[in-house]
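K.L.:
Sharing a structure below in structure tokens format, with a few things to ask.
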Amino acid sequence: MQAVDNLTSAPGNTSLCTRDYKITQVLFPLLYTVLFFVGLITNGLAMRIFFQIRSKSNFIIFLKNTVISDLLMILTFPFKILSDAKLGTGPLRTFVCQVTSVIFYFTMYISISFLGLITIDRYQKTTRPFKTSNPKNLLGAKILSVVIWAFMFLLSLPNMILTNRQPRDKNVKKCSFLKSEFGLVWHEIVNYICQVIFWINFLIVIVCYTLITKELYRSYVRTRGVGKVPRKKVNVKVFIIIAVFFICFVPFHFARIPYTLSQTRDVFDCTAENTLFYVKESTLWLTSLNACLDPFIYFFLCKSFRNSLISMLKCPNSATSLSQDNRKKEQDGGDPNEETPM
């Protein structure tokens with residue numbers, strides 16, 4: 001989505017405004033390398049477990065889409081690492097601008113969208129804890145998931161196609177140099193749309209968690225003195241979603257506003273431009289951290305995922321049998337895919 005940012009230099013006095021290569025070519029590639037290995041292991045394990053869990057609720061459907069999105073994002077990290085570390089050739093940098101950078105932002109906003117849907121689902125679970133999903137609701141969740149993927153794909157595809165200019169030299173410093181005139185216009189349009197996507201989901205998270213907090217407080221007042229400590233612990237787990245959302249996505253979208261201004265208007269001096277660049281890259285790394293934090297959501301909020309993971313760690317060959325046990329419980333009327341009612 002924001003391919004222009006990844007390999008960019010600031011406008012204006014670009015040749016005079018240099019950056020610390022130890023940060024741009026060493027530190028950030030090392031940080032992304034850590035994320036790559038941690039994310040590949042945790043999300044690969046999550047994918048294996050989710051293949052064994054039936055989609056018996058909207059919650060599970062949204063989680064499965066999230067893990068797919070996270071894995072796609074993680075697979076773009078090696079290209080960014082090589083490009084940022086200046087270890088790649090000209091064709092690699094062109095490939096990053098044209099493909100992997102676009103996929104990175106494509107998956108970021110898919111993850112944001114599904115976190116918003118998961119938040120709505122958790123609010124419904126809080127207010128109506130014993131409501132079960134019916135086939136019609138499940139079909140609606142699947143259709144909505146397909147619509148999100150299709151919409152983001154249609155937004156992203158032109159960014160790939162319209163990055164079609166031949167580089168003037170081997171070292172492509174700005175992805176915008178490779179975009180056609182309409183490609184630059186489309187890129188700007190997509191940026192605005194993605195901003196809208198974020199702020200809509202930001203409002204969803206704020207509103208839903210305000211209502212969830214009120215509902216949990218009412219529940220606490222009603223049961224005060226009864227001593228239901230285990231239940232209180234379960235209630236707290238739901239707040240992991242808002243924690244992940246604010247840690248990973250909020251800083252980047254606030255930092256992005258002044259950074260974009262520094263890229264489009266010559267209103268900052270060199271020191272300010274570099275500071276904004278480092279802040280943008282740091283917060284962009286936090287958005288990538290989401291791929292490593294999402295498995296905590298799966299573990300704490302999805303009982304069948306947690307049970308399967310614990311069983312797999314204790315005995316790798318028992319995961320399949322546990323999946324069969326889960327399906328048997330579902331046939332008997334239980335739903336092991338949901339957390340204990342809040």
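Placed from the backbone N, Cα and C atoms, the Cβ positions cover glycine too.
Pulled from Swiss-Prot, these are the listed features:
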DISULFID  Cys17-Cys270  disulfide bond
DISULFID  Cys97-Cys175  disulfide bond
MOD_RES   Ser55  phosphoserine
MOD_RES   Ser57  phosphoserine
REGION    319-342  region 'Disordered'
TOPO_DOM  1-27  topological domain 'Extracellular'
TOPO_DOM  51-61  topological domain 'Cytoplasmic'
TOPO_DOM  83-97  topological domain 'Extracellular'
TOPO_DOM  119-142  topological domain 'Cytoplasmic'
TOPO_DOM  163-185  topological domain 'Extracellular'
TOPO_DOM  208-233  topological domain 'Cytoplasmic'
TOPO_DOM  260-278  topological domain 'Extracellular'
TOPO_DOM  299-342  topological domain 'Cytoplasmic'
K.L.:
I'd like the number of other C-beta atoms within 10 A of the C-beta of Cys175 (disulfide bond), please.
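P.N.:
Its Cβ has 25 other Cβ atoms within 10 Å.
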K.L.:
Round to the nearest Å and give the CA-to-CA distance linking Ser57 (phosphoserine) with Cys270 (disulfide bond).
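P.N.:
About 52 Å separates the two Cα atoms.
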K.L.:
Check the Cα-Cα distances from Cys270 (disulfide bond) to the recorded positions Ser55, Cys97, Cys175 and tell me which is shortest.
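P.N.:
That would be Cys175, the closest of Ser55, Cys97, Cys175 to Cys270 (disulfide bond).
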K.L.:
Cβ under 8 Å, sequence separation of at least 6 from the ends of the topological domain 'Cytoplasmic' (119-142): give me the contacting residues as numbers and ranges.
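P.N.:
Same-chain contacts beyond the flanks: 55-59, 61-62, 201, 204-205, 208-209, 211-212, 215-216, 238, 241-242, 245, 301, 335, 338-339, 341-342.
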K.L.:
Whole-number answer please: how many Å between the C-alpha atoms of Cys97 (disulfide bond) and Ser55 (phosphoserine)?
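P.N.:
Just about 36 Å between their Cα atoms.
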K.L.:
Tell me which residues of the chain lie with their Cβ under 8 angstroms from that of Ser55 (phosphoserine), as long as they are six or more apart in sequence?
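P.N.:
Listed in sequence order: Ile61, Lys64, Leu138, Lys142.
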K.L.:
Per DSSP, what is the helix/strand/coil residue tally across the topological domain 'Cytoplasmic' (51-61)?
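P.N.:
Reading the DSSP string over the topological domain 'Cytoplasmic' (51-61) gives 4 helix, 0 strand, 7 coil.
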K.L.:
Could you give me three numbers for the topological domain 'Extracellular' (83-97), the DSSP helix, strand and coil residue counts?
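P.N.:
Its residues fall into 10 helix, 0 strand, 5 coil.
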K.L.:
Could you tell me which of these disulfide-bonded residues, Cys97, Cys270, has the fewest other Cβ atoms within 10 Å of its Cβ?
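P.N.:
Candidates: the disulfide-bonded residues Cys97, Cys270. Fewest Cβ atoms within 10 Å: Cys270.
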